[in-house]
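Participant: Please read through the structure below; I'll follow up with questions.
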Amino acid sequence: MSSSSSSLLLSLSLFLLLSATANAAHPNFIITIVNNCPYAIWPAIQPNTGHPLLERGGFYLDKLSHRSFPGPQQLWSGRIWARTACSNSNGRFCCATGDCAGRIECAGAGGAAPASLAQFSLNQGGDLDLSSYGVSLVDGFNIPMTVTPHEGKGNCPVVGCREDLLAACPSELQLRSPAGHGPVVGCKSGCEAFGTDELCCRNNYNSPATCRPSSYSEFFKHACPATTTYAYDSPSLMHECSSPRELKVIFCQ
């Protein structure tokens, strides 16, 4: 290889390295999941298609404890939720809410509704390196949760739902475990409970003009205004925070 080719290759390598560094997250960026509940939970993480799996997709978290792990350094999007009332008997693992195909480590599988969801689009690049986040009750509610960014710049509020909605959940939306006679463990969305196109915002109702809030989504919105409660809810509820050092997902705050 000629010296000019070597110099060109070195320059290109340096350019790519600097570009990647410029668009990377905070070099010490971490995600912390906190369980402030008086019971154990099994947090779950599902990346969107094409994005890497974090922490094998799920783990056990004892009551009043937390777990921190390195956050992605490049563009990443996905969701985090908690599985509750889980058991492992006769070689079968299952959870009353948020179950991901009977796995302890979800390995990319989604969770069963109803479940409170934290949604993320991290390290979006550019000069501000924005990370978007929000809490969604579109798939119903199973546990209070908030998202708190630390040391970010710009629009970085704490968002989510601190209220425990299970006691007030309308009877037609209640999920009980054991089914029918057990305690209420989840509060379904109108879509999950009734499956109509109108409540699910599909087919003729799949647009901002035709997908409207319902009495069921308004139940969630009234209790937890800083959440998304139906498919075309306000996009301003996804907040863009520049280069946070930590994103903390807190259950039962």
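Placed from the backbone N, Cα and C atoms, the Cβ positions cover glycine too.
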Participant: Identify which of Cys187, Cys211 is listed by TrEMBL as the disulfide partner of Cys201.
Facilitator: Cys211
Participant: When you check TrEMBL, which of Cys187, Cys200 turns out to share a disulphide bond with Cys191?
Facilitator: Cys200
Participant: Can you tell which of Cys156, Cys161, Cys169 is bonded to Cys241 by a disulfide, based on TrEMBL?
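Facilitator: When TrEMBL is consulted, Cys241 turns out to be bridged to Cys156.
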Participant: Select the closest residue to Cys95 (disulfide bond) from the following disulfide-bonded residues, measuring between CA atoms: Cys191, Cys224, Cys252.
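Facilitator: Ranked by Cα distance from Cys95 (disulfide bond), first place goes to Cys252.
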